[in-house]
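A.B. asks: Annotations for this protein, taken from TrEMBL, read as follows:
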ACT_SITE  49  active site, proton acceptor
MOD_RES   49  N6-(pyridoxal phosphate)lysine
BINDING   147, 325  substrate binding site
DOMAIN    245-382  domain 'Alanine racemase C-terminal'
ACT_SITE  266  active site, proton acceptor
Ligand SMILES: *Cc1c(COP(=O)(O)O)cnc(C)c1O
């Protein structure tokens, strides 16, 4: 570890905020480097849509650029502009379609659309007709996800069309790569191999985070990891090789003593089975600590029976009752009295409560947890690299 870690703070004043969010950019870079190592000899890009999965394009992209990342994927052109503002020489691909009226932004800011339907291709070609040289674009082909992309037949027809401008990149997206046993992944790899043959000499890209760890991921030119870079687990049910990037801590507002037989929270869904010390913490679903992580009273949660847990003074403590908009209650009865006081912090996500563990307790996935964190936190970015 470099001992000259710089700390940049943004968001709410730490003295006034209910929660603290720490983002370890060194860990994020180490994760990207591990993914880059696994992707070799392919180039490794970074998917930074949804404001870098909620962690902040402004902080994440310059660190990635410094580490050698040169290609970025965003969902929206508007996000692409924000990437360009901090990494002007980056190659920025925009995934979510191309629309009438958007061309000047692509032209001025050198964004690359990922075209995914004959309609988008037509719009793009028309927009380019006034230019001596058409601008670069990528093509997305659907090989089994049924989301965005040309059908395989449409892509083959495009490749065969005389004089059709060549894309700079051909991509497809995997639907099931996180599930190592799913048969669809191999099928998608196979269809994509056929397409590559029709688009000879064109760069190709298939792997998301789980795809990078897939044995079939060889011979492609560019990988596109997102969640694993941010510390999420790439493969479900397999030990997570990535370093945790995000720590979320919530401030304890009050410690209260509930009596056996009393209830806690909205709907009175938790009945105390013993006299209980309850830590009331200043983070709730408005901060992305999802209501479905409630200790009780969420009938629709069906992935795991128990709700979220916090970590304080070396121990895990369960959420009691429902998570509310601004507050969440934890049972701290088993801690020494001085271990949890008003003003102390309980970890909700971090080194002791893995992102995916917190997500599972809320019946969801790390992706949703990350992108929901919101803007009420005091944010600290740890980084020992050079600021570009
Ligand atoms: C979001 C996305 C990725 C990144 O997926 P992760 O599972 O987060 O690694 C890659 N490619 C496309 C097309 C995407 O939409």
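Note: Cβ is positioned from N, Cα and C throughout, glycine not excepted.
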A.B. asks: Cα distance, residue 49 (active site, proton acceptor) to residue 147 (substrate binding site), nearest Å?
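C.D. replies: Spelling it out, the Cα of residue 147 (substrate binding site) and the Cα of residue 49 (active site, proton acceptor) are 17 Å apart.
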A.B. asks: Output, ordered by sequence, the same-chain residues six or more apart from residue 49 (active site, proton acceptor) with a CB under 8 Å from its CB, or 'none'.
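C.D. replies: Sequence-distant Cβ neighbours: 73, 74, 75, 76, 79, 95, 226.
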A.B. asks: Counting across all protein chains present, how many other Cβ atoms fall within 10 Å of the Cβ of residue 266 (active site, proton acceptor)?
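C.D. replies: So the Cβ neighbour count for residue 266 (active site, proton acceptor) comes to 13.
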A.B. asks: Please report the Cα separation of residue 266 (active site, proton acceptor) and residue 325 (substrate binding site) in Å, rounded to an integer.
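C.D. replies: So the Cα of residue 325 (substrate binding site) lies 11 Å away from that of residue 266 (active site, proton acceptor).
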A.B. asks: Summarise the domain 'Alanine racemase C-terminal' (245-382) by DSSP state, stating how many residues are helix, strand and coil.
C.D. replies: 25 helix, 47 strand, 66 coil
A.B. asks: Restricting to the domain 'Alanine racemase C-terminal' (245-382), report the mean pLDDT as a whole number.
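C.D. replies: Residues in the domain 'Alanine racemase C-terminal' (245-382) carry a mean pLDDT of 94 in this prediction.
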A.B. asks: Taking the Cβ of residue 325 (substrate binding site) as the reference point, list residues of the same chain whose Cβ is under 8 angstroms away and which are at least six residues distant in sequence.
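C.D. replies: The list for residue 325 (substrate binding site) reads 284, 285, 286, given in order along the sequence.
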